[in-house]
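Structure first, then comments.
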Amino acid sequence: MGDRIKILTGNAHRELASEISDDLNLALGKAHVGKFSNGETSVMISESIRDMDVYIIQPTCNPNVNDNLMELLIMADAIRRASAHRITAVIPCFGYARQDKKDKSRAPITGKLVANLIETAGIDRVITMDLHASQIQGFFNIPVDNLYAEPQIIKYIRKYIPGEKVIVSPDAGGVKRAKSISDKLDADLAIIHKERKKANEVSGMILVGDVKDKVALIVDDMADTCGTLVSACEMLISKGATKVYALVTHGVLSGDAIQKLNESSLTELVITNTIPHAEKAAKCPKIKTINIAHTLSEAIRRTHHGESISSLFSDTK
């Protein structure tokens, strides 16, 4: 990779950062990220990064969303003031992505605010994965590479999930993702229409499509409280599905999600490691992990060398 690139990380996901740097045959850069006694974030870059191409590995999701975001911003400011040539924020899971529009009176558009903060901090480029709303790329005036976990998910399905399958979109917004996967697997497609009373609470579900005597695969970008996911699973079983799997990019797993999963009819929840979840996975044997470190490291390598990354979206063999 040469000596003009540096991989740094905050505290959000040091394990993933280490895997990425190992995959690139690079030593993880020396940066101390902690807190002062009053709770403010403390950052110290402990080696020269002058004129280097610097990549900050820092998801801005749970459990400490705001701390992770502030670490990213303060690290970027420190790196910029240390005369780095270019700063790329690698944000595998982009926090506040669900706040992408005014869905009620006097509501903020926090996704846009976060984009503004990232640019103001001096970041030149963003690499992320499966944005909850792809239009968030338009919130930025800098390049944003939105990678997809779909190739790795398709590989997992082909290798580990036998039987006649039907790909299920858990809502209308996910139909494009589900259709893409069903086409590549030559599988049927079903859609769940859900009515919400409020966030994270579904009042009713309607299934469009046939799942009888098939293995149902729910595909989505995020599993948060898992209430909707578990309800969808039980409905699919009641409609005749032989098994139900869920394949999700970001395993947020907040609240009592683990308890819900353990008590559900779900066979497996397959998530990537965009968010650290080892402790939660230890409490739920249904959780399986797809490692996306190589996808991110390859995107970094190609970005550093000025190469196209589009082929990363299509390698499903």
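Each residue, glycine too, has its Cβ placed from N, Cα and C.
DSSP gives HIS132 (Mg(2+) binding site) a coil state; it is part of no helix or strand. Summarising the annotation, Swiss-Prot assigns Mg(2+) binding site to ASP130, HIS132, ASP145 and lists sequence analysis as the type of evidence.
Per Swiss-Prot, the feature region 'Binding of phosphoribosylpyrophosphate' maps to 212-227. Across the region 'Binding of phosphoribosylpyrophosphate' (212-227), the model assigns an average pLDDT of 97.
Taking a C-beta cut-off of under 8 Å and a sequence gap of six or more, HIS132 (Mg(2+) binding site) has these contacts in its own chain: PHE94, ALA97, ARG98, ASP100, ASP221, MET222.
There are 18 other Cβ atoms within 10 Å of the Cβ belonging to ASP145 (Mg(2+) binding site). Cβ-based neighbour count (10 Å, all protein chains) for ASP130 (Mg(2+) binding site) stands at 25.
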